[in-house]
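Structure first, commentary second.
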Amino acid sequence: MTKIISFESSADETSVAIVEDGHIVLSNSVATQINSHQRFGGIVPEVASRHHIEWITRVLNDALNTAHVEPKALDAVAVTYGPGLVGSLLVGLMGAKTFALAHGLPVIPVNHLAGHIAAANFNKPIKYPAMALMVSGGHTELVLMREENQFEVIGETRDDAAGESFDKVGRLLNLPYPAGKTIDEMAHRGQPTIKFPTAMAHEDNYDFSFSGLKSAVINYVHHANQKEETINQNDLATSFQNAVVDALIGRTKRALENFPVKSFVLAGGVAANSQLREELTMLLNDFPKTEFIPVPMQYTGDNAAMIGAAGYWNYKKNIFADLDLNTDPGLDFELLQS
């Protein structure tokens with residue numbers, strides 16, 4: 001049994017977890033900063049860094065105590081080194097390297113995006129070849145995995161990410177940050193009375209685009225305000241969310257038709273969206289040889305448990321880093337050969 005302690009601090013969650021064999025979560029301590037950033041309508045990097053410094057030791061102690069694990073029982077330290085905010089990443093990275101040095105443990109560098117996908121193993125084992133739809137505030141990508149720990153981006157957003165669009169529409173409607181959950185709840189109370197565009201629906205690729213949709217929503221609201229018309233926010237939320245989900249489902253369907261896979265993973269913060277989960281479940285019914293594995297709801301957001309899961313992939317392939325490991329804020333998926 002391999003026990004890995006993992007550190008995550010790429011954005012506005014400070015988290016430390018202990019994961020066994022890549023799929024058993026012994027502890028997952030998370031300190032969120034949502035309340036601190038809500039009044040700004042988004043993450044303020046300097047504020048995030050200060051909070052990480054305040055919380056890193058506390059979540060570390062909590063993770064160890066909750067798991068009832070002594071440092072000597074650990075096999076390695078996994079840490080997110082990118083992508084993310086450089087100041088935030090540095091706090092987790094320094095914490096992880098300090099812990100590793102103090103206890104003589106090897107350091108495993110982990111791509112934050114790979115962590116989101118690896119969290120599907122907390123649901124059930126991913127079978128390969130597999131495909132993942134990675135949807136978050138900063139990323140919207142279709143990723144093909146011919147084998148474990150190997151990633152090939154076959155489709156990506158050309159402008160805004162899906163989660164970014166939710167937050168921008170949320171700000172337009174004066175909703176609290178982050179707006180995804182609130183819009184999802186509103187969408188269940190509204191009707192799709194507004195026809196918003198689904199970009200690139202007929203293009204022969206797997207890419208996404210959400211900037212046109214965002215602009216259409218902004219224009220709709222501005223025109224209504226100019227005419228002093230009352231906007232039914234629930235109907236707008238329903239219409240907007242339908243357009244986002246339609247785009248995600250359409251590209252996913254095209255990809256599944258052209259890349260037969262055994263597992264399909266839904267990962268990232270937007271993976272918590274109820275409509276997206278429901279419609280992907282229905283879509284996968286048309287692909288009986290492909291098992292749908294959504295990341296469990298409690299692991300869709302940023303957390304260290306998912307970093308431990310991805311860290312286990314690297315551990316098995318002897319992918320370790322020296323203590324001079326640095327952050328890579330712009331890190332994307334890498335094609336890793338075994």
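Glycine residues also receive a Cβ, built from the backbone N, Cα and C atoms like all the rest.
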Candidates Asn28, Asn258, Asn273, Asn285, the one Swiss-Prot lists with Met134, Val135, Ser136, Gly137, Gly138, Asp167, Gly180, Asp184 as binding substrate: Asn273
Binding residues Met134, Val135, Ser136, Gly137, Gly138, Asp167, Gly180, Asp184, Asn273 (substrate) - maximum C-alpha distance in whole Å: 18
Secondary-structure category, per DSSP, in which Met134 (substrate binding site) falls: strand
For the binding-site residues Gly138, Gly180, the one whose C-beta sees the most other C-beta atoms within 10 angstroms: Gly180
Residue pair Asp302 (Fe cation binding site), Asn273 (substrate binding site) - Cα distance, angstrom, rounded: 15
Surrounding CB atoms that lie within 10 Å of the CB of Asp302 (Fe cation binding site), all protein chains: 26
Fewest other C-beta atoms within 10 angstroms, as judged across His112, His116, which are the binding-site residues: His112
Coarse DSSP state, helix versus strand versus coil, of His116 (Fe cation binding site): helix
